[in-house]
Amino acid sequence: MEEFLIYLLKSTALLSLFYLVYVLLLKKDTDFVANRKFLFGGIVAAAILPAITFTRKIWVEPVSNYTATGITETSVNEASPIFNIWEFAGWIYMIVTLILLLRLGFQLISVIKLISAHPIQRNQSYYLIETTKDFPPFSFFWFIIYNPDAHSKKELDLILCHEKVHARQKHSIDVLFANLTTALLWFNPLSWFYKKSIEQNLEFIADKETVAASGEKTAYQRTLVKITARNFPPPLTNQFYQSLIKKRILMLNKNQKSNQQPWKMMLLFPLILAFMLSFNVKTEARILKSGDNKYSSISEEDQQILEAHFSEKTTEKDLEKYKKAFAEKNVKLDWDQVLFSENKLKKIHITYTLETGDSRSFKSETDENNHLIPFKIGAKFHENAKVAFIAIGNKKPGQKTEEQLVKKVVKPDSEQNLPQNLVYMIDGKEVEKEVLDKLDPELIAEINVLKDKKAIEEVGKKGKNGVIMVKTKKRQETNVENKSQGAIERTKVKIRELDKKDVLPISADSLIAFQPTKIETTKTGIRNPQPNFQSDKTAQPMVIVEGEEKDMEYLKRSIQPTDIKSMNVIRGSAAIEKYGKKAAGGAIEVKLKE
């Protein structure tokens, strides 16, 4: 929406530029045909030029991989404004434009109905239509409508000569485009004056050629003054009688020698060039490769955008479609803890992995009514730099949007320009680079890059080439006594507490599926126990595993949670309709990973 509105603003600026040049330099000239071409060209330019862009290329040195955004993923909380001015303006524009386009359509239909309601007489390449209605003569393309009883024969000859000029030169095309322009650029006051100038100039052309063909300038001027409109003429037509009769008569008596000089129109070209250079030029950065003159390109406008939207309406087919689409861009999508209830997606845990090996996971959230909060994965791709940006997050109504962002810089083919002897520190302790490379990105809370003086102040002279400082997320720690064969061994265990969102309903009323606290230890073989299923109903839910009926004990004891791809819970009449009365307690459909 924002891009379209910007296009409209550029279009209205160009149209205003043409109008100002016309009013200041061309309006008083009597070369009306040239003025017609200029005004019509303004409409065409306003429609086409804003959509044309030029590329300016710049060459830059390779960017070091060791920057704050180049080492690993960075988590950012980004506020999404509740009120989007572009979206609001877009809706207002579309509503008003739709009304004006409908009005234009009704006007066109009314003219066609008026023409078809009368007998038509062919006169050379024109179609003459006589009417008894009391409105001034007018033409619409090759059709000329007039009331023969309202004019003398001499007046009628002059009127028909005037309208034939309109028909022969197809002035109706100009009128239609002028009306369409005001319907689309209605918010620009100058567009309405532009339309009026086009209509006036067309009358000047017809007046000039009628007098030249008939040689009756005085009689023609009297006819202009004599004819008045008692009723409004049909819209979208060229009428013999127009307001501003005084201007038409003044233009008829003005010296018809063209005083329009080419330089007047030529002045417009520098203005258009300045406009295009200011608003229609995009910048493309080209990164030089080490040792040669080859380069790769990055352009914001050339980025390809790929998005996957997740909501309760998302189906398993959608999931597979998303996975395939991202795989084509070398981004691997995996998910587990997938839960469908009544054919609605209730829970999903997604992990994406980049070609570099970096990964990020995201767990869906539910609102107070246990409805999945919609979220999306969005990624931008450069042709050469591959992933330029990837985000995953959701938005609760009226709250901030939380997104996890990954930004990657372009990596040069050669690493000879990378800084050497960097100092790496994790939680204040100096470590080797290999330790940092193996660190789970999920554990990283913050990354800081120190250079020059600040680096030396932090670690001394050894930090002259730079310091990479990593802070990890804090975990709860406890000691566990392991009694084995009379000996006591103390083992440090790290514990992650569960969030409430990890416990959610998956059956008819109170069937609960949850994951217990995760315990990590380096000296024991503790693993996650099985999910616990309980129900306060006497009728146990029916269990279907890969299309085969199983009992609840089989689900508890024979299937590991990590082997489950998705679980779909069907309740009430829907379960009975699908599996019969034995599914009165509901049905749990389980699909396993391959």
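Heads up, the Cβ atoms here are built off N, Cα and C, so glycines get one too.
What TrEMBL says about this one:
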type	residues	note
TRANSMEM	6-26	transmembrane segment
TRANSMEM	38-59	transmembrane segment
TRANSMEM	91-115	transmembrane segment
DOMAIN	145-252	domain 'Peptidase M56'
TRANSMEM	175-194	transmembrane segment
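Per-stretch counts of Cβ pairs under 8 Å to the transmembrane segment (91-115) identify 175-194 as the leading one among 6-26, 38-59, 175-194. Taking Cβ pairs closer than 8 Å, the transmembrane segment (175-194) reaches residues 8, 11-12, 15-16, 18-20, 39-40, 42-43, 46, 93, 96-97, 100-101, 103-104, 107, 202, 235-238 in its own chain, all 6 or more past its ends. Long-range Cβ contacts of the transmembrane segment (6-26) within its own chain (Cβ-Cβ under 8 Å, at least 6 residues beyond either end) map to 34-35, 38-39, 41-43, 45-47, 49-51, 93, 181, 184-185, 187-188, 190-191, 193-194, 197, 260, 264-265, 267-268, 271-272, 275, 279-280. Averaged over the domain 'Peptidase M56' (145-252), the predicted model reaches a pLDDT of 82. Broken down with DSSP, the domain 'Peptidase M56' (145-252) shows 77 helix, 4 strand, 27 coil.
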